[in-house]
Amino acid sequence: MPHTLVIVESPAKAKKIQGYLGSAYTVKASVGHIRDLPKKQAEIPKKYEQEAWARLGVNVNDGFSPIYVVAPEKRDTVKTLVDLAAKADTIILATDGDREGEAIAWHIAQELKLKGPLQRMVFNEITKDKILEAARNLRPLDTSLVDAQEARRVLDRLYGYEVSPVLWRRVAKGLSAGRVQSVGTRILVDRERARMAFMAGSWWSVDGTFTTPHGTFPASLSDVGGRKIAKSGDFDADTGALKSSSNALLLDEQRAKGLVSGLKGRPFTVGSAEERPWSQKPPAPFITSTLLQETSRKLKMRASKATTIAQKLYEGGFITYIRTDSPSLSDEATQAARTQAVDLYGAQSVPDAPRAYTTKSKNAQEAHEAIRPAGKVFRTPDSLKGELDADAWKVYDLIWKRTVACQMRDATGKKMTVRLESAAADGAAVGFQAQGKTIEFPGFLRAYVEGEDDPEAALDDKDVTLPPLRQGQQLHAEKLKASGKTTSPPARFTDAGLLTELETRGLGRPSTFKAIVETIIDRGYARLKGSALVPSWTAFAVVELLEQEFPNLVDYQFTARMEDDLDEIAGGRAARVPYLQAFYFGEGGLKSATTRAAGGETVTLRPDKLRAHAIEVRISPDGSGYLKQGDVTAVLPAALAPDELTPDKARALLADPNREAAKEAGAPPAARTSLGICPRTKKEIRVVSGKWGPFLSIGEKGERGAKTASLPPHKAPETLTLEEASMILAASRTLGKGKDAIEVVPFGRFEPHLPYLAQGKAYRSLSSLDEAISITLEQAQARFAPPVRSAPPRPAGAPRPGGAPRPGGGPGMKKPPGR
């Protein structure tokens, strides 16, 4: 009996599909990519080791040909696939239908040496009907998509491997640059710059409660003497004063309180009472970015967690494919949503004709449907309460509600605007305004309200009724109150908000959204403060360097055009090689720019508010920031956000080399926070926030197995998990004894973002914490057999790891435990 091998990407998907296809098929997972460009020197094939371009993994002199290698951890997977392929009569490549999936399929075919036309099986949801349909409707490999993915991969490799070494020389070790990562970092830095330049504006307002025979209602002062009252939007964020174009009247405290006093007891007249209809359309079904935005707003989930949960829901056959930028629904899904809306809310809840949705994004691939419940009939959230865990259920519930709501009628109602008129004590005409809103037909709001968990409760909140009022009616103010208000700086981005901003600017793709945010955090370019992303001083230094030396690479429009160009390649309308040739070797291209930039000086930051005081911000080799004024330096507390660094705080830090002033500058007080019991040692792990900053501690001093370790410089203590802390402490150890002992350092000066080995003044990088935990003494000794690398020189006056330098660049202070 003929046998077919079907290769998919994930084991969970393989298990599900195997059950649908039956015993005539063997479904096996590649577990993502099986080949990639070499990540380190040891992976470069020997025949290319002496080539000048070998470190890039791309032959820039021969059509930008990439050198692909099988990752060591994928060799067993490839062997299994080769063995299964040898026994199969037919091989079907069933990886995802986007660029990455198409490229994975091509790499599998290359490694398995498949001959003849390749057969692709593509599906958008993992249900029995759709899988069997996909198995009946195979298509050939789309080589244009493969070319487009390869162009992106080569472009990203050239960008990262050419620009990153410039950052190592001129900012700090362990940093990286990336095509979308760097513009994402710039977005965060630009927002922080706006916060730093922000000047608050102040104004006063007057609010009142007015009485009628039918009840009371609130109204606010809108104008005095024919001029509207100044509000937040009338102020210039750069000066704190009213915009030059504004004719608004700025009320100060004296004038506002004078109006309150002068209007007490005076009659008010209804000058006008207008009523007009309003309607609201339902939001479109979810795409990747809008799902992450709503899970952040409603469920308070990080983008990484929401993406992981959604991926599991897809692989379990509960929802459709999650990496999509198209809000369109299939005819089958549209009918399923309409049917469910009718069943739950009645026939009047849906419009006569189905709603159709198209993308507003100019770069959308439209390769998949919107994210929706899977199947011809959507399973209700209540029916899944026993199958899904709490978080997965909440995400499914959100997707289900949004999908059903998108096919329901508009919400409609009426808006009322009432103007109240009186005269101030000085005779000036005074106007107050009240607004109300009623919902006459809730439509889609019965199922879904953006930003709200409970649609029914949200409907009640949306009704703001006013009592019956007629023009010329007399009434009095029951209460008048003056209050001072201040404008707020622009809010920082959440991770979901950053992804939405990237999408709005035409940057990045759904398949890369999660990785972009995680890389920015992992590289120490931003940390989480609550749900907000706060850029580090390292991010400022990197963005300033890129703006000076590689302005195109952090230009929003240039990067968006790159996306357009890559889309042209994907569509078969442009060739890969000429594009890469112009990008790398062209006039002002990457090659010449990196050569020019490599010899520049270390980046020095001079924030506007500190420049007049001759105070600079510099970056230490470990990526932390420090202040410098003449010969005096001081470490910047990690908890102090860039927009919070005022001249007064900077002077306080510089005046106190012992960093006692750091407490006033925003450093956290000393504390011990328990993370729980270590699963490896069964001892308590604590984050100790002390005078020198936070570090990890396990066990009690003098106790067997007690040790300390530094936190990663990019990791805020409040985001550290028990498992991460356990791994860091397990990695921190000494191999051997005496002068030949080798220290395993999870994070430190030589590699701030990766573990490494240290023996005297020699260092060796490690690839991960897993390797740091498992490496033996013999393996570590073997690493030091080749020529050694020395630690990078420390810039004059830079703080030493673990302590601030004394004024004049003297020796650093005693380092803290674990540092």
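Heads up, the Cβ atoms here are built off N, Cα and C, so glycines get one too.
Unlike curated entries, TrEMBL annotations are predicted automatically.
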Can you identify, from 176-181, 356-361, 488-493, the stretch that TrEMBL calls region 'Interaction with DNA'? 176-181
Between HIS33 (site 'Interaction with DNA') and TYR321 (active site, O-(5'-phospho-DNA)-tyrosine intermediate), find the distance joining the two CA atoms and give it rounded to the nearest Å. 18
Among ARG152, TYR161, TRP168, ARG523, which are recorded as recorded sites, the nearest neighbour of TYR321 (active site, O-(5'-phospho-DNA)-tyrosine intermediate) by Cα: ARG152
Among ARG152, ARG153, TYR161, TRP168, ARG323, these being the recorded sites, pick the one whose CA is nearest to that of ARG523 (site 'Interaction with DNA'). TRP168
Determine, to the nearest whole angstrom, how far the Cα atom of TYR161 (site 'Interaction with DNA') is from the Cα atom of ARG153 (site 'Interaction with DNA'). 12
Within 10 Å of the Cβ of ASP156 (site 'Interaction with DNA'), how many other Cβ atoms can be counted across all chains shown? 17
Cβ-Cβ under 8 Å with the region 'Interaction with DNA' (176-181): same-chain residues at least 6 beyond its ends: 155-156, 159-160, 163-164, 167, 502, 507-508, 512, 516, 519-520, 523, 542, 546, 553, 559, 562
Does anything in the same chain, at least 6 positions from ARG323 (site 'Interaction with DNA'), have a Cβ under 8 Å from its Cβ, and if so what? ASP96, ASP98, THR288, HIS368, ARG509, PRO510, SER511
According to DSSP, which kind of secondary structure is TRP168 (site 'Interaction with DNA') found in, if we only use helix, strand and coil? helix
DSSP three-state assignment for ARG323 (site 'Interaction with DNA'): coil
